[in-house]
Amino acid sequence: MPKIKTNRGAAKRFRKTASGKIKRNSAFTSHILTSKTRKRKRQLRSSSIVAAVDQKNIARLIPYK
């Protein structure tokens with residue numbers, strides 16, 4: 001059996017934690033920041049865990065990470 005290819009876009013966006021969950025960063029942080037409040041920008045800096053519904057599909061995209 002050949003190796004499964006890693007989806008390079010997903011590899012740059014997601015990381016697996018030690019417990020096997022998948023971590024992601026928030027969107028809406030790259031530009032047009034003047035209209036966003038200080039509080040909103042601060043909260044967007046924190047990372048979060050991918051929803052349970054999406055875990056399986058994303059794990060398939062990054063098999064070796």
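Glycine too: its Cβ is placed from the backbone N, Cα and C atoms.
Remember, it's a predicted structure, so these values are computed and weren't measured experimentally.
Within its own chain, the compositional bias 'Basic residues' (10-24) has Cβ neighbours under 8 Å at 47-50, 54-55, 58-59, 61-62, 65, counting only residues six or more beyond its boundaries. Among the features that Swiss-Prot reports, compositional bias 'Basic residues' is placed at 10-24.
The list of residues near the compositional bias 'Polar residues' (26-35) in space but at least 6 beyond its ends in sequence, with Cβ under 8 angstroms from a Cβ of it, reads 41, 43-48. Taken from Swiss-Prot, the feature compositional bias 'Polar residues' covers 26-35.
Sorting the region 'Disordered' (1-47) by DSSP state (H, G, I as helix; E, B as strand; all else coil) yields 14 helix, 6 strand, 27 coil. According to Swiss-Prot, the feature region 'Disordered' maps to 1-47.
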